[in-house]
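The next block holds one structure in the form of structure tokens; read it before the comments.
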């Protein structure tokens, strides 16, 4: 017999509907009910058998005696009064994430591959519709149970094993955080330098590798982010909510400037695809399409893992689903068009294509345009960096030791790591670091998504033992084998291995591998997601059958 304790908050029957909330809370606290489930002998819920469905509102239960090494107030399931994100908030979150310098770069890279403007936008739209599927599916558990990504991963990877996917996700986020902070600092430096007629052009400090004004701009942008991190999730919501309309207006203003100054969008929008009959890359479209598709899926693939970190605050499933459906694919395609069109217009205006939006903005000139550009770039980089690259590593650190780390403390450590990485050196040493290594690494995380979604939807039927997610001993339902689910770890390695040879070629660590491996890597996220998900499902079924046969 195993006690599965949680607090069942029952609505008391009062004579009047006007209830003192304090008395109501005291009343409901006094009505704690421990419900015992008869555990299947030896088989139990610790394998893959979901617990019996509970007729309890997940927004109203409270944990019973959680293990303090797995729990603090930041990791507790989000209750009804903490559900603050509406459809508008979720859509605003995605607008803030999408409108940024790396997204702008991505748009130009598709045209450089030989695609026409409409083919580039089509690739982006298809990729983001595809990544939207695991995004809303992963977000389902967050919205239903109110738990962050590392806690959700405890069900599939085990109480201790959950550190593996959460730290893998955190690693790529730390890389992005440093680079985005450098981009934001460079935006401040370049625009202020233009405004001051080059007064900030100082020689680089030898041991630092950059000049004092550049480092000062970097630290100024870093401090802006630290202030937001310190104030927690509510300040992040406010930032995303109020920045979204400003970013939309400023993007349209940039597009209008490019159109009027160039007298049209220039040669890029009128240039045919290089893949058409008679073109320099005739018949090679599909060879370029799938790598481009994987790169665009990989761009947000890591966030599809830890999207429960945000959907745990959504008011309902409809809010997280509709908000993401509105905010991700549509605005990603729209901002891609802005990037393509403005880059095309720079050929006419400046005589050469300029894919760096900060350089374009610095060349516009004028006091008010530069001030507006400064505001826009700072907001765009802030909204992307805080949401995408701070929350995941912060929660991963909390999951390591909730007694030591709160979200605020873990977020501050993430910010410090962003400085110690010296991201300007990373970019200087390899311009392809951003889009080759980080996006390639993101694609390799597809197996994590496959395992977690198969576990949640297929194996456990969307039912989780919330108390068990915070239970760190052998009696816990998600303890598995010494805290690790071997089936999940085997599936993870199996899903990653087929893509490793192609990844090594992409980052320059290996010159050549058989063509089959490069084809697999061209579709790395999809291959890893499907292979790992299938292997995990098979191993879980076999594990259940063995335990069942042992009992009979």
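From the backbone N, Cα and C atoms, a Cβ is placed for every residue, glycine too.
So that you can see what the record holds, here are the features copied from TrEMBL:
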- 84-105: transmembrane segment (TRANSMEM)
- 117-137: transmembrane segment (TRANSMEM)
- 157-179: transmembrane segment (TRANSMEM)
- 215-233: transmembrane segment (TRANSMEM)
- 245-265: transmembrane segment (TRANSMEM)
- 285-305: transmembrane segment (TRANSMEM)
- 326-350: transmembrane segment (TRANSMEM)
- 370-398: transmembrane segment (TRANSMEM)
- 410-427: transmembrane segment (TRANSMEM)
- 433-454: transmembrane segment (TRANSMEM)
- 484-504: transmembrane segment (TRANSMEM)
- 524-541: transmembrane segment (TRANSMEM)
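Beyond its flanks by at least six residues, the transmembrane segment (410-427) meets 173-175, 177-179, 181-182, 209-210, 214, 218-219, 222, 225-226, 229-230, 389-391, 393-398, 433-434 of its own chain at Cβ-Cβ distances under 8 Å. Tertiary neighbourhood of the transmembrane segment (285-305): same-chain residues 97, 102-103, 106, 110, 113-115, 119, 123-124, 126-128, 130-131, 134-135, 138, 149, 165, 169, 172-173, 273, 275, 328, 388, 392, 435, 439-440, 442-443, 445-446, 448-449, 452, 521-526, selected by CB-CB distance under 8 Å and a gap of 6+ residues from either end. In this chain, the transmembrane segment (326-350) lies close to the transmembrane segment (117-137): three or more C-beta pairs between them fall below 8 angstroms, excluding pairs fewer than 6 positions apart. Counting residues 6+ beyond its ends, the transmembrane segment (484-504) has Cβ neighbours under 8 Å at 156-158, 160-161, 164-165, 440-441, 443-444, 446-448, 450-451, 455, 478, 510, 513-514, 517-522, 524, 527-529, 531-533, 535-536, 539-540, 543 in the same chain.
Packing against the transmembrane segment (245-265) from elsewhere in the chain are residues 95-96, 99, 335, 338, 341-342, 344-346, 348-349, 357, 361, 364, 372, 375-376, 379-380, 383: each is 6 or more residues past its ends and has a CB under 8 Å from a CB in it.
The transmembrane segment (84-105) shares more Cβ pairs under 8 Å with 370-398 than with any other stretch in the list 157-179, 215-233, 370-398. Ranked by the number of CB pairs under 8 Å to the transmembrane segment (215-233), the listed stretches 157-179, 370-398, 524-541 are led by 370-398.
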